[in-house]
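Below is one structure, written out as structure tokens; the observations come after it.
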Amino acid sequence: MEDFVRQCFNPIIVELAEKAMKEYGEDPKIETNKFAAICTHLEVCFMYSDFHFIDERGESIIVESGDPNALLKHRFEIIEGRDRTMAWTVVNSICNTTGVEKPKFLPDLYDYKENRFVEIGVTRREVHIYYLEKANKIKSEKTHIHIFSFTGEEMATKADYTLDEESRARIKTRLFTIRQEMASRGLWDSFRQSERGEETIEERFEITGTMRRLADQSLPPNFSSLENFRAYVDGFEPNGCIEGKLSQMSKEVNARIEPFLKTTPRPLRLPDGPPCFQRSKFLLMDALKLSIEDPSHEGEGIPLYDAIKCMKTFFGWKEPNIVKPHEKGINPNYLLAWKQVLAELQDIENEEKIPKTKNMKKTSQLKWALGENMAPEKVDFEDCKDVSDLKQYDSDEPEPRSLASWIQSEFNKACELTDSSWIELDEIGEDVAPIEHIASMRRNYFTAEVSHCRATEYIMKGVYINTALLNASCAAMDDFQLIPMISKCRTKEGRRKTNLYGFIIKGRSHLRNDTDVVNFVSMEFSLTDPRLEPHKWEKYCVLEIGDMLLRTAIGQVSRPMFLYVRTNGTSKIKMKWGMEMRRCLLQSLQQIESMIEAESSVKEKDMTKEFFENKSETWPIGESPEGVEEGSIGKVCRTLLAKSVFNSLYASPQLEGFSAESRKLLLIVQALRDNLEPGTFDLGGLYEAIEECLINDPWVLLNASWFNSFLTHALK
């Protein structure tokens with residue numbers, strides 16, 4: 001039957017049916033008759049609304065393949081097939097705009113011509129019996145009921161069949177075809193009977209032979225036979241005392257359930273050690289941009305041309321010198337690498353025609369920085385499997401690091417507004433259905449709150465760098481290509497702006513597997529003096545490369561300009577995710593949307609406008625040592641976005657583990673706050689699982705410290 005459903009119905013319908021069943025915890029592979037029934041019902045709903053439109057005069061018309069430009073509105077709004085929250089949002093929206101009474105149950109369609117909700121029924125029994133069942137359940141005069149059967153009969157409220165003969169005949173023909181197809185495969189009897197709750201063939205299904213032996217072998221301990229086990233499962237009451245249940249399941253398990261009280265949880269233990277260091281792939285709050293406004297130079301949009309143009313806006317270059325060496329590196333090589341970039345950019349300018357890409361000369365400093373010829377030689381396993389002391393490298397345990405204040409500052413900066421807009425509003429066509437109107441409205445409000453956010457700049461910067469690096473890694477595998485780090489934005493006045501943050505030089509990149517590493521050297525401009533927080537810059541060699549004149553309230557001041565240089569690496573899979581950083585916008589929008597939905601369901605109307613425009617209302621943003629912080633809805637949008645962006649920038653196994661394990665403790669604490677009297681066993685084990693992820697990652701350590709603030713306030 002499952003195969004039949006997948007062959008017989010449109011894949012979109014099959015997917016919707018699977019979703020609906022999963023929402024109710026049902027398995028399409030097991031409850032195959034139900035699966036078929038849901039698909040049939042969905043298809044009838046879609047066929048009911050197909051080709052039916054309302055023209056400019058408000059008349060109902062049928063258009064099968066007409067002028068796509070005609071101003072037509074769909075006659076029916078389809079409610080069936082949406083997830084519950086969305087379906088109720090559509091229903092509420094229709095009720096608010098039309099004044100129709102709100103139904104108690106989710107109907108299938110709304111008819112804009114007759115201004116009424118429609119309940120569609122498809123039955124394998126007598127139509128009048130099914131009609132009465134529906135009417136009894138709905139108990140509403142306002143909802144129109146229309147029942148179809150597989151035998152070509154139909155029944156509708158007050159014999160008003162809504163649609164023309166031909167449209168209804170199409171539905172009946174399709175139902176008859178489905179029935180014949182089922183019958184030819186021997187599926188119809190089981191399908192027909194399953195609606196009436198008669199005993200079906202499946203229930204008398206006997207397990208014999210090999211299957212029976214396998215079933216007997218795979219019984220849990222202490223069960224003598226399959227019947228014995230079935231009886232036990234049928235009689236198992238899921239509620240009640242957990243200890244009893246566990247001992248009932250197995251003699252080996254003995255869990256003492258401890259009550260979880262306000263005094264039970266302790267704060268997470270953060271590691272001691274030297275302060276943690278910056279490990280993002282590019283500078284965040286410390287980045288400095290060289291920019292051109294309204295770019296219109298020849299070759300505008302070609303990264304190398306743009307970069308040279310940006311470099312020319314700065315006149316304060318000076319002889320570079322090292323101000324903060326890298327502890328382990330050969331620092332003069334970093335200095336030589338920067339000088340080489342300047343020299344090769346100068347060479348390009350002296351050429352007649354500027355090339356579109358630039359491959360650096362393979363100098364000794366670049367070979368060193370990019371780890372050329374440093375990888376151990378790979379030997380075929382066949383050649384060395386007889387070596388007696390073959391073993392894996394001993395790798396050092398990571399050194400524990402303590403939380404440093406810089407990561408909180410980074411996060412605060414990411415939530416702030418910049419004076420430029422980093423995303424454009426997509427051009428999306430006119431809204432047709434009410435749900436699209438709500439969606440566009442939410443998207444526009446959200447975009448307005450986050451388009452100028454620094455986290456959005458990080459998204460666009462990340463997308464650009466990862467795309468450029470992945471492209472170069474595939475297109476110029478053996479070359480040390482010079483890749484400018486560029487972003488584009490618009491100023492307050494709406495002028496276009498191109499920004500250069502620095503350069504990347506990529507190493508050899510024969511990336512066969514997703515996890516194969518490409519090395520790169522990054523060189524990024526900054527005004528931050530590294531000597532203020534040297535621990536943050538452990539992995540960097542920092543040069544002083546110029547002096548920049550800055551306009552301040554007291555006039556022009558000269559500040560030293562630094563170049564942060566480091567060796568780094570990434571992989572195909574990391575670049576793929578980096579290219580998709582725009583997803584962070586979607587994730588935070590969905591979080592905001594669920595807040596709006598919660599408000600709307602309380603008020604029983606769409607609260608989008610009030611939500612964004614009520615400037616006096618504040619919302620909880622997070623917990624700090626001082627207590628729960630609150631802010632405007634815009635601040636909430638930007639904070640959620642920044643969290644999502646940092647999860648991407650600082651993605652790591654430590655973060656995965658911490659998020660998964662700390663969530664369990666969070667749920668227990670929330671249950672305590674809701675007075676649900678939670679109980680736990682092996683709380684120590686849970687703490688261990690959380691704390692083994694707290695090693696040295698700055699973002700994870702910051703999240704752990706936030707978690708501790710949350711614990712303190714939650715348990716007051």
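From the backbone N, Cα and C atoms, a Cβ is placed for every residue, glycine too.
Fair warning: this is a prediction, and the values are worked out from it, not measured in the lab.
Annotated features, as they stand in Swiss-Prot:
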- His41, Asp108, Glu119, Ile120: Mn(2+) 1 binding site (BINDING)
- Glu80, Asp108: Mn(2+) 2 binding site (BINDING)
- 124-139: motif 'Nuclear localization signal 1 (NLS1)' (MOTIF)
- 184-247: motif 'Nuclear localization signal 2 (NLS2)' (MOTIF)
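Within the chain carrying the motif 'Nuclear localization signal 1 (NLS1)' (124-139), a Cβ under 8 angstroms from the stretch's Cβ atoms is held by residues 103-105, 145, 147-150, 153-155, 191-192, 195-196, all 6 or more beyond its ends.
Counting residues per DSSP class in helix, strand and coil order gives 12 helix, 0 strand, 4 coil for the motif 'Nuclear localization signal 1 (NLS1)' (124-139). Cα spacing between Ile120 (Mn(2+) 1 binding site) and Glu80 (Mn(2+) 2 binding site): 10 Å, rounded to the nearest whole number.
Apart from the site residues His41, Asp108, Glu119, Ile120, the chain places the Cβ of Val44, Cys45, Glu80, Pro107, Leu109, Val118, Gly121, Val122, His146 no farther than 8 Å from the centroid of the site's Cβ atoms, the recorded Mn(2+) 1 location. Taking the C-alpha positions, the distance from Glu119 (Mn(2+) 1 binding site) to Glu80 (Mn(2+) 2 binding site) comes to 10 Å.
If you take the Cα of Asp108 (Mn(2+) 1 binding site) and the Cα of Glu80 (Mn(2+) 2 binding site), they are about 5 angstrom apart, rounded to a whole number. Here the C-alpha separation of His41 (Mn(2+) 1 binding site) and Glu80 (Mn(2+) 2 binding site) works out to 9 Å.
When secondary structure is read from DSSP and collapsed to three states, Asp108 (Mn(2+) 1 binding site) falls in the coil class. Non-local neighbourhood of Glu80 (Mn(2+) 2 binding site): His41, Leu42, Cys45, Ala87, Leu106, Asp108, Leu109, Ile120, each in the same chain, at least six residues away, with C-beta under 8 Å from its C-beta. In this structure, Glu80 (Mn(2+) 2 binding site) belongs to neither helix nor strand by DSSP; it is coil. Around the Cβ of Asp108 (Mn(2+) 1 binding site), 24 further Cβ atoms fall within 10 Å across all displayed protein chains.
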